[in-house]
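Pasting in a structure now, in structure tokens, and then I'll have a few things to ask.
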Amino acid sequence: MESNSFLICRLCGKSFNRKQNLTLHMRVHTGERHFICKQCGKSFTQSGNLKIHMRIHTGEKSYICSQCRQRFTNKGNLIYHMRTHSEESLFTCPQCGKNFPQKQNLATHMRIHTGEKPYICTQCGKDFTHKSNLNYHMSTHSGAKPYTCSQCGQKFANKGNLNSHMRIYSGEKPYTCLQCGKSFAHKSTLNKHMLSHTGEKRFACAQCGKSFAHKHTHNNHVRSHTGEKQFACDQCGKRFTTELSHRYHMTIHTMWSVESAI
């Protein structure tokens, strides 16, 4: 449909000044993806998006920060990074002083301090800080695993888990640290890495007040107070408070087995 030299999308009413732009836009509604990556099979609606994606495989980082010379695979990441150099554009947490380049990032972060969990499961009432966590949780009720890995046949409850799993084969690391440029396959790994830059330690021991950057380190420490030893040796039954101690102990049995064989 054409109106005053503009082309109107019949599905959502959005207008375009060129037919090519309307054609590209229609793929949002149809889900049509013509451009396929030969490396990992991921598909895209536009050739430009495929070219940007290919840099993950080639390692090309053609966008350079004029302030610190850090390099990025796409323009969006560079623009996001540039905000870290301009204090005027940063959003600061009033509780801990941490800065964020986007207002939404600050709003999400604030839930750490407020304890707000706005996403509620309609099945059991459990609440979550992030929508992605709720979506992941919902799959535990249905038990369905409709997403199958084409490489190994492993099944997954949601598409996000399948996409994360596929990075084992593609080597894709889409999550980049804006501080040092290091890339990660999973967002959770990036979040853990970021603590090395911020020094934030949000897991505090209720017994002695000692703080930790990572939850698993905090849990290991708490066992020093409770005396809990959940890691048991399947060879001799000896128990340990940490997985590291358990693994170290297991080498004793391995060495003994080798010596016996000799």
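Using N, Cα and C of the backbone, Cβ positions are placed for all residues, glycine too.
The domain 'C2H2-type' annotation in TrEMBL covers 7-34, 35-62, 63-90, 91-118, 119-146, 147-174, 175-202, 203-230, 231-254.
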Treating G and I as helix alongside H, and B as strand alongside E, what does DSSP give for the domain 'C2H2-type' (147-174) in helix, strand and coil?
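Going through the domain 'C2H2-type' (147-174) residue by residue, I get 12 helix, 4 strand, 12 coil.
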Mind looking up the mean pLDDT for the domain 'C2H2-type' (35-62) in the predicted model?
79
For the domain 'C2H2-type' (63-90), which recorded stretch in the set 119-146, 147-174, 175-202, 203-230 gives the largest number of Cβ pairs separated by under 8 Å?
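Ranking 119-146, 147-174, 175-202, 203-230 by Cβ pairs under 8 Å to the domain 'C2H2-type' (63-90) puts 175-202 first.
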What stretch in 35-62, 203-230, 231-254 has the biggest tally of Cβ pairs under 8 Å against the domain 'C2H2-type' (147-174)?
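Out of the listed stretches, 35-62 contacts the domain 'C2H2-type' (147-174) most.
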With DSSP, how much of the domain 'C2H2-type' (63-90) is helix, how much strand and how much coil, in residues?
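Looking at the domain 'C2H2-type' (63-90) with DSSP, the answer is 11 helix, 4 strand, 13 coil.
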